[in-house]
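S.K.: Submitted below is the structure of interest, expressed as structure tokens.
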Amino acid sequence: LPLPLFKVQGTHPDCSVILYFQKREVECLEMIRSESQAPAPAGTSRQEGCRTEWDGVSCWSAVPTGQSRAIACPDILHVFKKSKVLIQRNCTESGWSLPSPPYHSACELEALGSNNDTEAKASYFVTMKVLYTCGYSTSLAALFLAIGIFSCFRKLHCTRNSIHIHFFTSFILRGTAVFVKDTVLFSDDSVDHCTMSTVNCKAAIAFFQYSVLANFYWLLVEGLYLQTLLLLTFTSDRRYIWWYILIGWGVPMVTVAVWVVTRLQYDNHGCWDDYTSLYWWVIKAPILLAIFVNFLIFLNVTRMLAQKIRSPDISKNYKQQYMRLTKSTLLLIPLFGVHYVVFALFPEHVGVDARLYFELVLGSYQGFLVALLYCFLNGEVQAEVRRNWGKWQSSMESNVFNLATQDFTA
């Protein structure tokens, strides 16, 4: 579909007040600039009357001397209460009069939370950050160890474990991207995050979106590979590895590139960390597509697995092999996608606390869970580690015996 030729302004809810006044100020200054460039009407002087003025809250358009202008309170949801009181200013020979009634009298603020509520909220977010920092740190350590195990033991080198390594890498990128984003966006409390629009912060957000997309698409690859195994009955599958790599890394790269170009062209606003923008769907739609396809794979694999297990032609050994190959992926597919689908059906401001808990706290431990299922609890990996550990112990004992023999003969 062709992109609409207009800009949309997606803003974080906490920044809506600041950005509202900034937008109104820009519009007012543009009006003032246009008036200053327009020729004065014949027989009049620009000095007659009061010119358009921005007073920090509202824009007062020009009126002749002796007339007045009345405006309503700023219309900002959840900030000012609805009020029918109009604020008036008169144009006198000495210029604009003061607003009457004053803003603080005419525009009543919505009830704000107490200091205790603010402190509790701050404490809540600090606790959340500690929890997901511990979660991602644990996951990164487990994932690096799992990649090391798969890489060190030659007997574990196969297409299946190669795909697992790519899947682990996507989790490592995701954890790293979270830490990078926190460092770039929130390391300096003096920075105004509502107006920050630097190359560094946009690059950090783009890297984060790429890692999230890669994470979901490598989960999709795990599902596709499992289905391929069942369809091909364990025949050679190395020829498919480049297609898997193209899906897992290539599709997210193209998607993020389109998203970056779209934001630069139509919505180059802020730090791109808002989720109310129309163009957020450039990222969201491919993720939902991957989850939907994975769900179909989940159903199809479950059906094929049930048929193969009931088949009298399949030996008990093969049945155990089918179960071992499928249990991890069948567990991960619904675990990773269900909460994302549920939240995708609601606006971004609905269920923020639950969304944060699932995506940050529980999501931070997903890498550890993946390493546990695909590596540490994998019987093949355990057997290989035990075999090499036994060989190493035998080698050490042999070396010690040789040294002791040498000392005795000497």
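Using the three backbone atoms N, Cα and C, a Cβ is placed for every residue, glycine included.
Grabbed the feature section from TrEMBL, which reads as follows:
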DOMAIN    27-111  domain 'G-protein coupled receptors family 2 profile 1'
DOMAIN    128-378  domain 'G-protein coupled receptors family 2 profile 2'
TRANSMEM  130-151  transmembrane segment
TRANSMEM  163-180  transmembrane segment
TRANSMEM  216-234  transmembrane segment
TRANSMEM  241-261  transmembrane segment
TRANSMEM  281-301  transmembrane segment
TRANSMEM  322-345  transmembrane segment
TRANSMEM  357-377  transmembrane segment
S.K.: Can you tell me how the residues of the domain 'G-protein coupled receptors family 2 profile 1' (27-111) break down into helix, strand and coil by DSSP?
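M.R.: Secondary-structure composition of the domain 'G-protein coupled receptors family 2 profile 1' (27-111): 15 helix, 21 strand, 49 coil.
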S.K.: Counting Cβ pairs under 8 Å that are 6 or more apart in sequence, does the total for the transmembrane segment (357-377) and the transmembrane segment (216-234) reach three or more?
M.R.: no
S.K.: Please report, as numbers and ranges, the same-chain residues at least 6 past the borders of the transmembrane segment (163-180) whose CB is under 8 Å from any CB of it.
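M.R.: Same-chain contacts beyond the ends: 132-133, 136-137, 139-140, 143-144, 146-147, 150-151, 204, 207-208, 210-212, 214-215, 217-219, 221-222, 225, 241, 244-245, 248-249, 364, 366-367, 370-371, 374-375.
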